[in-house]
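Can you keep this structure in mind? I'll have questions shortly.
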Protein chains: 2
Amino acid sequence: MFHRRELANAIRFLTVDVVQKANSGHPGTAMGMADIAEVLWNDFLRHNPVNPRWINRDRFVQSNGHGSMLTYSLLHLSGYGVTIQDLKDHRKLHSKTPGHPEYGVTAGVETTTGPLGQGFATAVGMALAEKKLAQEFNRAGFPIVDHFTYVFVGDGCLMEGVAQEAASLAGTLKLNKLVAVYDDNKISIDGETPGWFADDSAARFRALGWNVIADVDGHDAGAIAAAFAAARQSQDRPTMICCKTVIGYGSPNKQGKEEVHGAPLGVEEVARTREHLGWAHEAFIVPDAVMQAWDARPRGEKAEAEWRTLFERYRTKHPDLAAELERRSAGRLPDGFDAAFAREADRILGGEPIRQPIRKASNRVLGNLLEGLPEVIGGSADVSVSTLAWTSAARSITPDDFSGNFVHYGVREFGMSAMMNGMAAHGGLIPYGACYLVFSDYSRNAVRLSALMGLKAIFLYTHDSVGVGEDGPTHQPCEQLVALRAVPNMSLWRPGSELEALVAWESALKREGPSVIVAARQEGGVFAHESSDIDGIRRGGYVLKDSGAKPDIVLAATGSEIGLILEAAAVLEEQGKAVRLASIPNGNLFARQDRGYQESVLAFGTPTVFVEAASPLYWYQFLKGPGTVVGVDRFGESAPGPEIYRVMNLTAERIVSEASQLLR
Amino acid sequence: MFHRRELANAIRFLTVDVVQKANSGHPGTAMGMADIAEVLWNDFLRHNPVNPRWINRDRFVQSNGHGSMLTYSLLHLSGYGVTIQDLKDHRKLHSKTPGHPEYGVTAGVETTTGPLGQGFATAVGMALAEKKLAQEFNRAGFPIVDHFTYVFVGDGCLMEGVAQEAASLAGTLKLNKLVAVYDDNKISIDGETPGWFADDSAARFRALGWNVIADVDGHDAGAIAAAFAAARQSQDRPTMICCKTVIGYGSPNKQGKEEVHGAPLGVEEVARTREHLGWAHEAFIVPDAVMQAWDARPRGEKAEAEWRTLFERYRTKHPDLAAELERRSAGRLPDGFDAAFAREADRILGGEPIRQPIRKASNRVLGNLLEGLPEVIGGSADVSVSTLAWTSAARSITPDDFSGNFVHYGVREFGMSAMMNGMAAHGGLIPYGACYLVFSDYSRNAVRLSALMGLKAIFLYTHDSVGVGEDGPTHQPCEQLVALRAVPNMSLWRPGSELEALVAWESALKREGPSVIVAARQEGGVFAHESSDIDGIRRGGYVLKDSGAKPDIVLAATGSEIGLILEAAAVLEEQGKAVRLASIPNGNLFARQDRGYQESVLAFGTPTVFVEAASPLYWYQFLKGPGTVVGVDRFGESAPGPEIYRVMNLTAERIVSEASQLLR
């Protein structure tokens, strides 16, 4: 049996050799956290490299993702499919070892990290998911869902506000199976942190309701193991293990300094580090005995096999629960979903169109759909009722009861969004979370990561424009719609009717990727749908109404502004104009349709007026001839919403006037 | 002498009567914090309602801005220009009393609040500005800059991550003249907070290095006064006074409940509250004696007069310092600024164009300009050297020495940006702060508030595109440029040469509003400027090169992509095409030019290719004829930057091919 330091050194030398070869990368973190990672992965982490998707695996997240070579080394050593060649391809095009760990690119990477603080918040979401699913599925003698979530964080993660938001909620919700490890090395890119980070982090986390294990020597395997063992005993508090470490541990001339953070050691220093740590092996060579000691496949297969045996007994005793867990883990909607959708559509198509706030329409269809969707876990950043995220089907999750389906996230938009990503990445749950559209700003980078990872997370935003009214410009979004639509792989809905809201939720619940649903607080227009509209809505845009074979003018709008183009159309039709009305509830989807379909809706070349109570920038791409965009490109005012619409010149008269100028 | 409760009740009844009349608004906070505000404003706050711009006034910020009636009542009662009619116009169009306090709309409002947590972070910036200016300008016997910054925060503010970031830095930097008051009423919009906010806030702030005065009865004037008196004695720590309060204090049936947070009490409950608190006066009537006791003008004028006397003695002893403080407080650049600009321009125009990273070019011109600009206070969110925000003129501010001009903000993009707003609003300083462009996401709402307030804050973003390379898609912006340009009142620069960078900094330093300067890590193209280009750059876009009288094709680009259109032009010219090259370093500015100027640059109707390594959405607005946008509308990859440009098809060949298609 070797000293475990030798096992940890395998991480260190894979890291320094790879970074040296790539001539770019971050060696310091992996060298500093190698001993901690070695203890966690070899003594505690319950996982199976042969099946990285085993649903009851412990989750491991490296929130300080720039030190990705730590994760890649661990995946290589423990038996995931990361080869030495993969390591040599670090930071090369289409490799399995990109600069930062990427979800979906590398088996064993549970979430994309790099944007600091978010990996931590995402891990909090995973721990929440575990606790929720455990309460839902476990039965006496059957701890089917029963795993830990481990997350490594650096100084940078702890400085970011998103980590505070998630940590505070994790403490409140008593997520005791969450174990964080703080790599307290007192170095960030600017140098020694005490000049800009003097928190007593242990005291801070205690104040947030955490079980804190302070002052652990992060290079003492015994102390580390004792800390993890203690952490796993925590009954009602998440655990933060504060480890004192030396960044770049083992590099005689560079350890403990900023220069080892984000640059190769240099050939000479690599050699000196070999000498210093007594690692006599050549670059990329890990002795067989070390590899064997690291190999987690035998014990992983055994652990999973034991769990499978348990699960089969569970299936016998609780066949419905077993089937339900399998369905949800596979990400399949229930068989009845399409029928529920059809019932809702029939209800809407069969009823009289009414004037109602769009958030209200969205709330109704969502509540009805949710009756049959136990996997959906809603929530809101403290504005449950004003966003109407709180539906007829909602029941609160509380610190002592996770049987509900609605998380009160508090005033924490960014934390909420990152936690939603964690739940979606965990599996078994589909999260939606709400706040006012303007405060999507607070959480933007989490929404972006959701799109980058292709997670099924649904961001519900209300209070969507100057229509917000009296709360004034701080609460009135303008640029947020174009900013969110511009995120690659985004699907943003701004429905203008209950039917459009229904299709938006259907799409969001089915899409393998995030969706944004923007549901205005103000009222939509009053108009009747044909059942054939459903197909058009699903394509992101369609002809709502045509007053003649060949339109003289096209008026296109989204959401609450459909009411305005309906009004304007009535005036123009009186003037003898053939008017086409197009609704484009999802510009992202519409932009992905083929040119023929787009043309069939927008009649390219025909004079066109786009109308949306927001920055006009998004719509110019669809103007292929004479036309204009009626939007809002300045900050709003504090006054009743309808009055602001008039002040902003967002009126049917304006649209008629713009159309008339185009037709002149 | 009346009981001070009566003075506080004036706030309560102005509030409930106004909110009742407006039939919209938030009475709970003002009623709950009235006693605290009364003690602060009547016993401690050093200000002069007759001159709201007195530079040595204490700053007061209500971060829980939805309770704006507290601020408006205080401004009315103490003698600022807010009249009863103004109060009656609460939340009406163009009133002095909009839904949330707005900087520039109401004299006495120091910063716009409402987006939770930010008022607090902005106040931290103000306290930093005070400490910096005090060290710079005060001399023995002359405490010319010597004021406190007071900030009120609610539960929502403390849940937001941005508050954590700013609080942590305030503790680290020992901002002892910052006094925060926590309105601990345990109510947020979703109801009683313990279900989602169980922090021990006193312990948290202690962990962040604050002087915490806990468990103060927020309705006991004596206890409140003692707390403020103690806070002002703190020598090396900011103070947090934790006040237990009852939201909606005085409303017999609604106090302590969520329903009093954001809705009128109702006519009957208003009457009961009058009875309960013994306030016999009619709506909007405050007895003369109460008004007189509140009037802060006599003591305010006296305080300012005393300070002016001191300042005149200071002027005699230190005439240069006095003149300098007056110049900077007035926001005037030094007389030598234009000459410094001209010297830099001459240096650049006189030199050989070289291939260099744009961040490097930006760094050089900034460093040279800063030699003569002591009011500029730079900083970076931990990436001082990789953003090159750290110039030849930079000296670090440290917790014990504020003589420098560079703040190490740590990994706190949002906190940094909100603090910059606080410094700009304070006056005497021009802040710039840097991070990677993709992480502007973290701070977006502070950038938005900067634009809403029209503050002179400069946001420097580097690592601006897929050109970032190996760090991969988490670090490669795509949608950020259009998202930032879409913010109303924004001025975003993406220079492509040292001269463009120089003009960008000139513009940003002169503009009464925020600017974003995006300085690529990658290299720009190599091309020579004419001195006449300066005027074109100042207009946001100009013709860089014309190969004939009437162009066959226009190629337009920004930043590092100018190199690409130069290459493409060479090929097209070889093919006999007349090519015009346009550089549009500031689309926001260019869009504000008259149509004739825009036409003179872009030759509308001529086939046009826009090129930018980012979401193409911004540029369609300028396409007034055949044309296309070559951009990036998907996430990047981890690989060397030039390789990604090829993978993304961002090449001169592509541009030539697009141009050729348009010319076919």
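The backbone N, Cα and C atoms fix where each Cβ goes, glycine too.
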For the thiamine diphosphate site that TrEMBL lists with A:His66, A:Gly114, A:Pro115, A:Leu116, A:Gly156, A:His261, A:Phe439, give the additional residue from the candidates A:Asn42, A:Asn176, A:Asn185.
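TrEMBL lists A:His66, A:Gly114, A:Pro115, A:Leu116, A:Gly156, A:His261, A:Phe439 binding thiamine diphosphate, and from A:Asn42, A:Asn176, A:Asn185 it also lists A:Asn185.
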Going by the Mg(2+) site in TrEMBL, where A:Asn185, A:Ile187 are listed, which of the candidates A:Asp155, A:Asp217, A:Asp220 is also part of it?
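Mg(2+) site check in TrEMBL: besides A:Asn185, A:Ile187, the record includes A:Asp155 out of A:Asp155, A:Asp217, A:Asp220.
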Using a Cβ cut-off of under 8 Å to chain B, which of the binding-site residues A:Asn185, A:Arg359, A:Ser386, A:His463, A:His475, A:Arg521 qualify?
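From A:Asn185, A:Arg359, A:Ser386, A:His463, A:His475, A:Arg521, the ones near chain B are A:Ser386, A:His475.
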Restricting to the chain of A:Asp155 (Mg(2+) binding site) and a gap of 6 or more, list residues whose Cβ falls under 8 Å of its Cβ, or answer none.
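Residues satisfying the criterion: A:Asp183, A:Asp184, A:Asn185, A:Lys186, A:Ile187, A:Ser188, A:Thr193, A:Phe197.
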What whole-number Å value do you get for the CA-CA distance of A:His463 (substrate binding site) and A:Phe439 (thiamine diphosphate binding site)?
10
Using the alpha carbons only, what distance in Å do you get between A:His66 (thiamine diphosphate binding site) and A:Arg359 (substrate binding site) once rounded?
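It is 40 Å, counting Cα to Cα.
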Around the Mg(2+) site formed by A:Asp155, A:Asn185, A:Ile187, list the extra residues of the same chain whose Cβ is within 8 Å of the site's Cβ centroid.
A:Gly32, A:Gly154, A:Asp183, A:Asp184, A:Lys186, A:Ser188, A:Thr193, A:Thr245, A:Ile247, A:His261
Check the Cα-Cα distances from A:Arg359 (substrate binding site) to the binding-site residues A:Leu116, A:Gly156, A:Phe439 and tell me which is shortest.
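Given the candidates A:Leu116, A:Gly156, A:Phe439, the nearest one is A:Phe439.
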Please report how many Å separate the Cα atom of A:Glu413 (active site, proton donor) from that of A:Pro115 (thiamine diphosphate binding site), as a whole number.
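Spelling it out, the Cα of A:Glu413 (active site, proton donor) and the Cα of A:Pro115 (thiamine diphosphate binding site) are 16 Å apart.
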Just to verify a number: CA distance, A:Pro115 (thiamine diphosphate binding site) to A:His261 (substrate binding site), in angstrom, no decimals.
16
Rounded to an integer, what is the Cα-Cα distance in Å between A:Asp471 (substrate binding site) and A:Gly156 (thiamine diphosphate binding site)?
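Their Cα atoms are separated by 35 Å.
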Between A:His261 (substrate binding site) and A:Leu116 (thiamine diphosphate binding site), find the distance joining the two CA atoms and give it rounded to the nearest Å.
15
